[in-house]
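J.: Dropping a structure here in structure tokens format, bear with me for questions.
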Amino acid sequence: VEPNATIREIRLMFHKVYPRWYPARQSIKLDPKGKSLRDEEILQHLPVGTTATLYFKDLGPQIGWTTVFLIEYTGPLFIYFLFYFRMPFVYGLDERFTSSPHPVVNLACICHSFHYIKRLIETVFVHRFSHGTMPLRNIVKNCLYYWGFAAWLAYYINHPLYTPPSYGKRQINFAVIMFLLCEAGNFSIHVALSDLRRNGSKIRKIPYPTKNPFTWLFFFVSCPNYTYEVGTWISFTIMTQCVPVGLFTLLCFIQMTIWAKDKHCTYLREFKDYPSLRMPIIPFLL
């Protein structure tokens, strides 16, 4: 192997010798317990001498992130409709194909559908993935999470005994405005992050606010897309006043906080000039 060879080139060489392990399935490390080396890293720039020992780990069958997101987000979209239209096998024959007398139920269906349609559009046209694949085994776990919660939420929101929010239209209108603002913010952040990787570049850069006011949250947090995402589900909880939605929101917040902290630490580790005012997900707090 030449000293100026990249890890990607080494993966391809390895694949030629062992066709079973295609590049996306390979984890190449300098140390068995260390982190996987990135494709763009060059051998001579790594802490090795004239000879180097690289360790290979089989990551198992892989699936593309675009396919993962399409599967994860399409499920909740259609599962929700099964409950919204009250299919006979859901609530029983007496309630089949009946509509709810509460307008908020229709509004909740529109908002829920809009959220996942937006996600699907972003997956196809906006997102640029730093890692092209994920282990195939994870798709089952992810789908159980998204699809299962979608069914749980939809069951109670569209239930014949569902009761509307305590404060009526004021509570619903406030929640809708908050929902739309958070969705717009989330989309704006995704576009801003996508613009950092134009032309297929994999070079990591510090994201900064743009002229779009929704991106100004970058002044205070490292992952405003997660901040807006949590805000979206908080607003949906307020709109529906439904306990399962609140529990789903809480779990979302916990998981996204973990992701945000991990990404924040990565930024701090990679960029010495990273803005010190930023927190992972909640301005000035967390």
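Here the Cβ of each residue, glycine as well, is placed from N, Cα and C on the backbone.
Feature table excerpt (TrEMBL):
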type	residues	note
DOMAIN	1-58	domain 'TECR-like N-terminal'
DOMAIN	133-286	domain '3-oxo-5-alpha-steroid 4-dehydrogenase C-terminal'
TRANSMEM	63-85	transmembrane segment
TRANSMEM	144-162	transmembrane segment
TRANSMEM	174-193	transmembrane segment
TRANSMEM	213-228	transmembrane segment
TRANSMEM	234-254	transmembrane segment
J.: Kindly say whether the transmembrane segment (174-193) and the transmembrane segment (63-85) touch, using the definition of 3 or more Cβ pairs under 8 Å where each pair is 6 or more positions apart.
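T.: Per Cβ check, the transmembrane segment (174-193) does not touch the transmembrane segment (63-85).
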J.: What are the DSSP helix, strand and coil residue counts for the domain 'TECR-like N-terminal' (1-58)?
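T.: Per DSSP, the residues of the domain 'TECR-like N-terminal' (1-58) fall into 17 helix, 10 strand, 31 coil.
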